[in-house]
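As given in Swiss-Prot:
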type	residues	note
CARBOHYD	Asn29	N-linked glycosylation site
CARBOHYD	Asn40	N-linked glycosylation site
CARBOHYD	Asn112	N-linked glycosylation site
CARBOHYD	Asn135	N-linked glycosylation site
CARBOHYD	Asn172	N-linked glycosylation site
CARBOHYD	Asn189	N-linked glycosylation site
SIGNAL	1-27	signal peptide
TOPO_DOM	28-194	topological domain 'Extracellular'
TRANSMEM	195-217	transmembrane segment
Amino acid sequence: MSCAGRAGPARLAALALLTCSLWPARADNASQEYYTALINVTVQEPGRGAPLTFRIDRGRYGLDSPKAEVRGQVLAPLPLHGVADHLGCDPQTRFFVPPNIKQWIALLQRGNCTFKEKISRAAFHNAVAVVIYNNKSKEEPVTMTHPGTGDIIAVMITELRGKDILSYLEKNISVQMTIAVGTRMPPKNFSRGSLVFVSISFIVLMIISSAWLIFYFIQKIRYTNARDRNQRRLGDAAKKAISKLTTRTVKKGDKETDPDFDHCAVCIESYKQNDVVRILPCKHVFHKSCVDPWLSEHCTCPMCKLNILKALGIVPNLPCTDNVAFDMERLTRTQAVNRRSALGDLAGDNSLGLEPLRTSGISPLPQDGELTPRTGEINIAVTKEWFIIASFGLLSALTLCYMIIRATASLNANEVEWF
């Protein structure tokens, strides 16, 4: 597995954290208690006997508004330069107040300026209250912030109800409104401090995950370096062991030239006169040019898989890096027997001149306890550790994301808006 591949879960965790950090963009607003507003609207249409009455239960008092009951006729701003003015943000905003009206309530739409500006302009024209309807149809009323607006009452309602009332005003139909204090809604328990606590917890979890990840890479580098170092030392030992093996030149009449004699197991060619052959401790014969490269890499006989390092007594317990499947346990049990029988056969063969074994000058190699695990074992262990580390980090990111989204959903009901 490449480093880029391993970094995939880390990038995914970072992306999950970034997404969660962008989600509660407005979660910095203080969680405040608020009061609901119960609004009764009475519409007196000309030519209709009984007035039309409906109730709005989803109103909300502004944070800085007096929580009091008020009643009055609803008025909308006059058009400016022939264009309807529903926002009340222009300094030239005016209201037409009939002389017989003592108390009136301004109806304005949210947007384009702060709540404080809207409320202040209505108060300047002696409105007793301001009803601001939302500018998004699917959004609930929010708690408005408008410090310094005095004793004027400010309430927000939904866009749907606001436009219903505005439609009557545009037809010059009289609309009366009564605003009463509803229920006090306490602040939610999940506050900004809780978000900070969750964030700190996530950071701690990520630090632990990162520490494990760094430990993994250090161990991986150590395993790789140790394996490469042992392979180099094993190769050097194999070369020195090869130099201890007997070689001779095939002559006319030797048994190797007999048609019934086994061919070289490496190149599958028969032996010819003047061929240089190598005799292994197991008594198998091969072309020197064929078997030397094999022994340098595998240090075992191509036919019986005898470990020449063990057979020659150079490194008794060093396993070779032979990728061909064979029974290592069986070979270890019968190692001593094979070595004695092989050396005895070689010594009794008059056609072979076996040199005495010399082990001096060969650098000691690590024993079994010092060797690293096999490649398969390392890969299994590393894959398992990496899966745990990656899963831990990703789970931490997703857990934080879930908690922040839940916290944001709780805070949405208590959001404080300025405009």
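Cβ atoms are placed via backbone N, Cα and C, with glycine included.
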Candidate glycosylation sites Asn40, Asn112, Asn135, pick with smallest Cα gap to Asn172 (N-linked glycosylation site): Asn40
Close in space, distant in sequence - Asn40 (N-linked glycosylation site), Cβ under 8 Å, 6 or more apart: Thr53, Phe54, Arg55, Ile56, Met177, Thr178, Ala180
Spatial neighbours, same chain, of Asn135 (N-linked glycosylation site) - Cβ under 8 Å, 6+ residues apart: Gln109, Arg110, Gly111, Glu159
Number of other Cβ atoms within 10 Å of the Cβ of Asn172 (N-linked glycosylation site) across all protein chains: 7
Neighbouring C-beta atoms (10 Å sphere around the C-beta of Asn112 (N-linked glycosylation site)): 14
DSSP three-state assignment for Asn40 (N-linked glycosylation site): strand
